[in-house]
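Here TrEMBL flags A:6-35, A:60-80, A:86-107, A:119-144, A:164-186, A:198-221, A:233-253, A:265-283, A:303-325 as transmembrane segment.
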Amino acid sequence: MTPDLMIAGVMLVALILYTLTGGADFGGGVWELLAGGPRKDAQRRLIDVSIQPIWEANHVWLILLIVLLFVCFPAAFAAVCTALHVPLALMLVGIVLRGSAFVFSHYDPLHGRGALRWGGVFALASLVTPVTLGIVLGALGSGFEVDPRTGFVATDFVSQWLAPYPFAVGLFTLALFAFLAAVYLVCEADDPLLRADFRARALASAAVVGASALLAFLVAPPAIRHDLSASSWATPLHLATGLAAVAAIVALWTRRDRLARACAMAQVTLIVVGWAVAQYPYLAHPGYTIAGTAAPVSVLTPLLVALALGGLVLFPSLAYLFVVFKRRRAA
Amino acid sequence: MTDLFAARAQMAMSLAFHILFAVVGMAMPLLMVIAERLHQRRGDAVYRELAERWSKGTAIMFAVGAVSGTVLSFELGLLWPHFMAFAGPIIGMPFSLEGFAFFLEAIFLGIFLYGRDRVPPLAHLLAGVMVLASGTASAVFVLCANAWMNTPTGYTLGAGGEVVDVDPFAAMWNPASLSEVLHMTSAAFAAVGFAVAGIHAAMLLRGGRRELHRPALRIALTVGAVFALLQPITGDLAAKHVAEHQPIKLAAMEAHFDSERGAPFRIFGWPDEQAEETRYAIEVPYVLSFLAHGDPHAEVKGLKEFPREQRPPVAVVHVAFQIMVGCGLVMIAVASLGAAFAARRRALPDWYLRLLVVSAPLGVIAIEAGWTVTEVGRQPWVIQGVLRTADAVTPMPHLVVPFAAFTALYVVLGVTVLVLLRRVVFAAEVPAHVPVGMSSETSREVAR
């Protein structure tokens, strides 16, 4: 395995972990927005308590991902940031609003009265970021040609992302994050009624996940539809994803909540892996491949060592964080 | 507004905004850890309350720092794709290590803030120490990356202008790294120490709880004073470095147009870039030569040695440098006074508390001015002598739109943070005793 491929693998892991953790935090914002019924406030409180100690750390996966992209695949980073400036900027606005609104509403001793009515902003920003993240990931599948005159990406700054397929992927991402959050919240809740609330939400969002996946497939350009099934890994991956999804729904239905959580995490992981397999060997199709945009080996090799050493410190710390705050409910 | 100017304005605005939160996220943990340690050693509940109150403020500032830092890491590509395509791999090492350091900071901040009742006291204290260590480390890494833009090393250019033979560690420990790291990290601790001391001095003057605000003031002022007194040393190191490696920047800082021996240090003065002279300055002979090269008769190169298109905007750099030095000198004076009171074991008089309130923003102002000096002073280059800022900018049109949008966003955020911090500070005053007739509208609302 070449160093560039190993780095790409690390980035895939970071994307999966970001989806499983940070993605679920965004999904929590969706349920904050859609909180309702007799236990509206209890729902919001549970979301708040579940996210609070871990969301800052969850967010760093995205930073790690973007740093690895610009360090190891600088040409791809420059091309993506240029052509997708608009959705990326919107995603940033969402990230800023979400992060600040969350902490503002949490720490305000007046609980968002007066000048600080930020709770709604947190929820709204929780919609913007997953959708734009999905748009960006969907857009990477096609349209990134290198302009032979400049050697830079050929772009009108719009056409790469303003198309049905990226938006369908955006919708899918939002549904997926919401689904994941609902499944987690089922396990976090102590009150059986609250569990039932989120179980119903998880099942409903599972249906939306399926529908938006179908929509994305239907509006996908032929090239992407081809990529989605081209690899010899594609069929077993799709089958496994489908199995995990069905298992998650069955487990939710039969109230095996822990199992449902495991299945949902497997499902989401497989979806991200499936996306990566379809994307391979391109970072941005068709002009920017992993090997073609990789930084010199003199950069990649020391970085891999640094990543390994960093991981030795990071993962035990991260495990400690989750043990401290999630142990009671997981036990 | 040209697109290049809009991109520069957006970058400058984003950096200026982020740095406020970054220094708090880096320096506050020191105060928190000191308070936590005192609480654990003396069992005094006041220190525990202090650690908790400071933690609250830090959590708010850290959250905004985290998101505004995320914005910056994307803006590097959104605004300067050609810079990143070139520099990304070379300065990747400090950026990647910074990613890890920031990760650790976020993890242990979560444990420190919310884990008091879930982990043993020692683990809680150590979590605070980890926040401090990793926060400082991430500042060090980012400063190394910035230093590389001033003194790019650690790579060679291939025949086609492509980057080959990168030595990531040579790039990270480039010549400017040491002086930037020392000067800025100690600036952060000094600025935050002064800001916090000023807040507690204000609370004391308002008749707040003495048993809480006096120890708070003591801790914050000690930290602020120690680092403020270190700044002349680190600043001297930085100045000598700039004199050697970036003589144009030094000349702009001093608005120094003619090369001369025994060059004077200018206080105030307005540089006229057309006429190439500086008017209305108080000139202290020989001092610049001495400060820059350690010899009062050394030659200091003037701006006229360099073609106009290689000079930075002189007035901006010179004025910003004056502001930085001025703020720093006042802080040193205030710190020395505080040390004198401490040495005589005298209580701080009210006039000194008022002085502390007035001095509270000085460190932050000095930091903003200092970054203006180092960033504007490097222009027209984004990488000194290698890549011009104008050649690094994105081809994206209408950049004024994101500039306006992010500026509006940050103004709203900034105002919200101020309102929120005010509420938190006042709300925490209530549990003890609301001084009759002094309770603000806010604290009355909370008391209900």
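Cβ coordinates are placed from backbone N, Cα and C, and glycine is handled just like the others.
Nobody curates TrEMBL annotations by hand; they come from automatic prediction.
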Contact set, same chain, for the transmembrane segment (A:265-283): CB under 8 Å, 6 or more residues outside the stretch: 8, 12, 15-16, 19-20, 23, 69, 73, 76, 80, 137, 140-141, 144, 176, 180, 224, 227-228, 230-231, 233-234, 237-238, 240-241, 244-245, 248, 289-291, 293
Long-range environment of the transmembrane segment (A:303-325) - Cβ separation under 8 angstroms, sequence gap at least 6: 3, 6-7, 10, 53-54, 57, 71-72
Closest-packing stretch to the transmembrane segment (A:6-35), where packing means Cβ pairs under 8 Å, from A:60-80, A:86-107, A:164-186: A:164-186
Outside the transmembrane segment (A:60-80), six or more residues from its ends: residues with CB under 8 Å to it: 4, 7-8, 10-11, 14-15, 17-18, 21-22, 88, 95, 136, 140, 144, 146, 152-153, 155, 283-284, 287-288, 290, 292-295, 299-300, 303
